[in-house]
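*Asks:* Straight out of Swiss-Prot:
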BINDING   1337, 1380  Mg(2+) binding site
BINDING   1337, 1380  Mn(2+) binding site
COMPBIAS  120-132  compositional bias 'Basic and acidic residues'
COMPBIAS  1585-1597  compositional bias 'Basic and acidic residues'
DOMAIN    292-380  domain 'Ras-associating'
DOMAIN    995-1275  domain 'PPM-type phosphatase'
DOMAIN    1332-1469  domain 'Guanylate cyclase'
REGION    1-22  region 'Disordered'
REGION    103-142  region 'Disordered'
REGION    174-195  region 'Required for interaction with gpa2'
REGION    1585-1614  region 'Disordered'
REPEAT    430-450  repeat 'LRR 1'
REPEAT    477-498  repeat 'LRR 3'
REPEAT    503-524  repeat 'LRR 4'
REPEAT    526-547  repeat 'LRR 5'
REPEAT    572-594  repeat 'LRR 7'
REPEAT    730-751  repeat 'LRR 13'
REPEAT    807-827  repeat 'LRR 16'
REPEAT    831-852  repeat 'LRR 17'
REPEAT    855-876  repeat 'LRR 18'
REPEAT    878-899  repeat 'LRR 19'
REPEAT    901-922  repeat 'LRR 20'
REPEAT    930-951  repeat 'LRR 21'
């Protein structure tokens, strides 16, 4: 019989004294709290009925009692099981959309879970009231006996029965409700009105009862009704048509009571949809294409998983239902779906779409959403995972709180909270600081916040959800509010309109997505600190200008284009941060009204004028680095910190002094010097950096800087240092490397405080010391000047007792011109701890030299001509570091003290035969007990003794961490490298056509392996190689397990993806990207595995199999989540180089006849604007234990999605012109410029190992402190037909290098007085005979000198550097210069034109001063395709060819040229305009004959390379006609030659001359550039021959001819195509073969390049497509052959 449920009153108003809930951990918590005198006992409701729940089916919390508006708690109630009643059609259990602020109850379960547990327990027949402590029983034990109706059909049949009986019984049940007495500590509560609940109380709950419309459809079943009738309440609950009806008047209603927000409930009127402030993907993702299928994988608590395909728009409750059926569960009501990312987790709301959320996370990880393979692959455990669970989320948290003492400063961050724990409530009124950050599902309830009456600091950052304003407004004393990194698009206006608006002082809303601020921001009248960094502000919010008390404003990393003129109203502003915006032009004048401004940061903008800052009297810190300032003529007398670095400054002339300045940085500017008047005002400055300027000298006025401690003036072309530098008594660090200093004043050595001096890469020949008086008193500076003038005696001839002992501890003299006499002066440096004399001209070290240095710990003498180290066996030498590579050592010094103290030893590239460190060679290696770094590479005669174990690193050198044995002709153990313990650097045992060199530096301060290389020859293919540099951000004392993992698994992950792709360039690039992502996922799985294993012990095999990891453990801990690895790799395959990188490692490539390298990678750091915007858009962050600026890396998983592993990938098509590729880590590139790197490698191109070692040594000399690693890959071996020629050239270069060292003194005399040019290739001998003469001139130079004299001084230096560097690279001879004009000559016309083309192209990209670029003569001019045509100085060039008369100039000692050819060349250049290259008829004739047989027979190897390089660039010849040149009797035919990249200049010229001129224009010849690919077809033919042979169709008798397919008529195939002639890879090979044929013809015969085609080629899907494809390929080949035949004169 039908009967309604009975709701009876509780017999006892309060629970018994020893009441038990049946939940073990909760009962234990209550027992521990009994002894606490301050705790508040909350009543536990006896039974919570299932229908008494909110609109989200979240039951009332069993740990708190509902408190009405009157302040009294509501009594608990209980139900007894009975036959369920059937609702009538006039009644609707209305179900609202779930609240987005989904939360858990205080027990950790959802409220619906508690209600379900109570209902299941109550359905047992005749259960006594006090047996509730027995716990929750499984539903399946009594589901068959207690459920009256279990199917929808039954519900529809019974829905019309006993409607009136149901209403009557139900109303009677609610009438009998009573409630216990209140237990509340709320002082503001009022007397509770009991009569207000009569017959109306259930209406206050969001599962309230409403009338059902008569015409309603019966197909949709109300969720509340389904819940009461024991049906699955998830069915159609969120897509049901019932939702569209508005609330009807409830049967029972009471407006006097409202449930607290900590219950997660709300009134029905509040359930009406309204404006929502939530995050992008934690609110309601768009449905998208619901029909699209998505592969979803869900885990269970036991770590097993299930995978299935579902629609991408499926909602959470639907997934739960599906999982319940898959796991054969009777009900899904007690289950949740957790989204877990590392240590954070969140319960997905019923209406959310897990697939869309998961797809979004995968896209942030780097997967392509359009690729089903990447999105649907199973191995996504490390990105995020979904867990189907019933476990109590809050249980572990509350257990911790039971053991933790709650203080006034409470930190519950990273606790995965759903609600505020109950234990905190009694202490709420005592809290002063509350940190609830990193809790993704936590929403602060209003009732709890109302209790926090003393709260002053609230941190709700990193919760990835927009906070509601109402709870925050209840905080009356809130002073500090942190809402950073919450993915906020728009702030709730209520946040700033409540009680806290008057007390709030600090507000942090950084790292969100805000475009504007709400109008209520103006109410924050006492706000002093506002952080709006890392947002999307485009305009300056005017509301901020109304915050009159503001002292600190951070607007960095936004998109501001200008600053409001009303900013002057912020009269109390002290700190203003505006870096990394889009500010341009001048600052508003109103900034000068900020009289209290102390700090301003405007770096990384485009500001041109900061004159308004001079009006700020208290401004002490100014940072305008990386702007467009060209002059600064203002003053800030109170300034103590000024940073003008990376600004094109040409003038600094302040109106007032900088007497308070302490830090001054003007590096990377365009300054030619500082005025003495400016220097004299810097009386208190302590740090000065003027690197990368055009300083020629250090002025005598520097003596005014009496407090100077640090001076850095590097890469300035400086040749003179003032002796007054010796007057700086507080100078500690002096860095003058990479200049042209020939004489260093001896007065500097008498500065007693001087500790570090770096004079590397200068042209020093001697070291002079100051001379002391007989009374051992230092002479004055003036006396030293007189002595230096009157006496010409060298230092060695004076008495040793007259010299001052310098106090320098670190002395760097690398890359100078010092001889053996330098040791005489160095003997007086008794305090030396570091001495670096590498790359000088030393042949012998005095035998007694080491006896005087008791403190010397680190000695570097690499790159000299030392035959021995002259260390006696009895000398007490306690060196820790000894670098003696690149010498002629045949034996190691046998010194017992030395062998015991050595930690870092590099004796590579010598003539060593063994490593005997004592007289008895037996077990000699045991005498190196402290050795950590050993480099033996390049000792081709080295042999291990017979008694030495091949595995000696474990037997003898137990502390050894790094061993390099490259190019050793000896057998060695094949034990693999262990990055954690012993890393072995060796050549690959597999043969390879590419030579490479590797060298590394193990930091003395942090001797931990943080960088290593990975080289795999014959990687996947015989003609393929893989070269990688791995660099990690490891701190001291930590073993880099992440680096070891990447080293072990990188190659396998790449191989897995490349094998699955075809050979097209696009597919390989995509495979490299997928390989990086695969490696990062695998790393995450391993870290999870090791963390779980360390916390739980052994992990079952199912878990290992599920995450697809090997059983090899790396013992990773939680710190590994903050460690990342930067990778730069080059994958050379046939004649293509695929480059991929993440992080800050970088690669460059050198090309013959080009002085500038090509950058192959992208730096992923916080200085990259694109990376900053990506981080802001993904709501990521860059922080953590490892303070790194890297934005992409393998690892650093704790900072996802701010840090991702998506690489930058590109492909370079190689040719014979490409010389080498250089890969190195960040520390290497931070101290060495690209130009220096290219110059050093080119000078040592005969040996990549020697070049890499020299680069390592230069990095040490220039200031590298961390680990350094560099890899050089030589590319010449790719082209077999020219390998002999290249080997011969390398042999000649090596012979030349050896002869130069043998006759080093004469070689030194021939070097120029420019250290940068001296590093490059030696200047060619003066050309003779028929030569190409070139004249250059700068257009409008006189006018520019008149208008911008200071800027022109800097511009001329830039111009001269480009000219001279390109001359060395191309092989030209500089005859002389006259003003700004150059006269140079070349042996061949192609070399001359190569130089002209390169110069014109480099002038466009040069770093000119702003005054030049903004002038009319040097302004930017763009072409029709938006390409740069003119920018900066415009240079005209004239070229002529013929026989000249040469004679050596006795004054300059350079060859000079005379004769008619020279005169005609000077006239030809006058015909050209700025940016034009005018050539004579002789030059055009030579160009036309380049392909003739006569010219080909006369070509040399070098000439052939020049011709190929010229045709690769491409050029255009435009005939101007005949000209009568000044001083010449006959007319001259003049033509213009342009590189193809500057074709727009010719178009502009033709267009300007054709206006108003109908006459025909002269003829133009075009030589289009060919693609930069191999001219050799051998690699392609080899690849094609290695593929499987062509087969015929199934059932065919034989192979088909490709050419025969032309005459076959294509026909459409109706059925599926079962097979092709070739597979995908072979089709791609054929496609590339056609391209190589066309390139080959174009290079040899100058034929124009064919139209560009698709990058990839897949196999045809039917026979018609196959025939069409072969027809196109065959036609292209025949067209190429026909064109070549026509050009060669063949017909027929």
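Heads up, the Cβ atoms here are built off N, Cα and C, so glycines get one too.
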*Asks:* With helix taken as DSSP H, G or I, strand as E or B and everything else coil, how many residues of the repeat 'LRR 7' (572-594) land in each class?
*Replies:* 5 helix, 6 strand, 12 coil
*Asks:* For residue 1337 (Mg(2+) binding site), write down the residues of its own chain that are at least 6 apart in sequence and whose Cβ falls under 8 Å from its Cβ; none is a fine answer.
*Replies:* 1380, 1381, 1435, 1436, 1469
*Asks:* Among 430-450, 503-524, 730-751, which stretch has the highest count of C-beta pairs below 8 Å with the repeat 'LRR 16' (807-827)?
*Replies:* 730-751
*Asks:* Looking only at Cβ atoms, how many others are within 10 Å of the one on residue 1380 (Mg(2+) binding site)?
*Replies:* 20
*Asks:* Is the repeat 'LRR 13' (730-751) packed against any residues at least 6 beyond its ends, judged by a Cβ distance under 8 Å, and which are they?
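*Replies:* Residues packing against the repeat 'LRR 13' (730-751) from afar: 686, 706-724, 757-771, 778, 781, 784, 788, 804, 806-808, 812, 814, 1236, 1261-1263, 1313-1316.
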*Asks:* Mind checking which residues of the chain, 6+ beyond the ends of the repeat 'LRR 5' (526-547), have their Cβ under 8 Å from one of its Cβ atoms?
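*Replies:* Residues 484, 502-517, 519, 553-564, 566-567, 569-570, 572, 577, 1172, 1175-1176.
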*Asks:* Tell me the residue counts in helix, strand and coil for the repeat 'LRR 4' (503-524), as DSSP assigns them.
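*Replies:* Secondary-structure composition of the repeat 'LRR 4' (503-524): 5 helix, 3 strand, 14 coil.
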*Asks:* Give the helix, strand or coil assignment DSSP yields for residue 1337 (Mg(2+) binding site).
*Replies:* strand
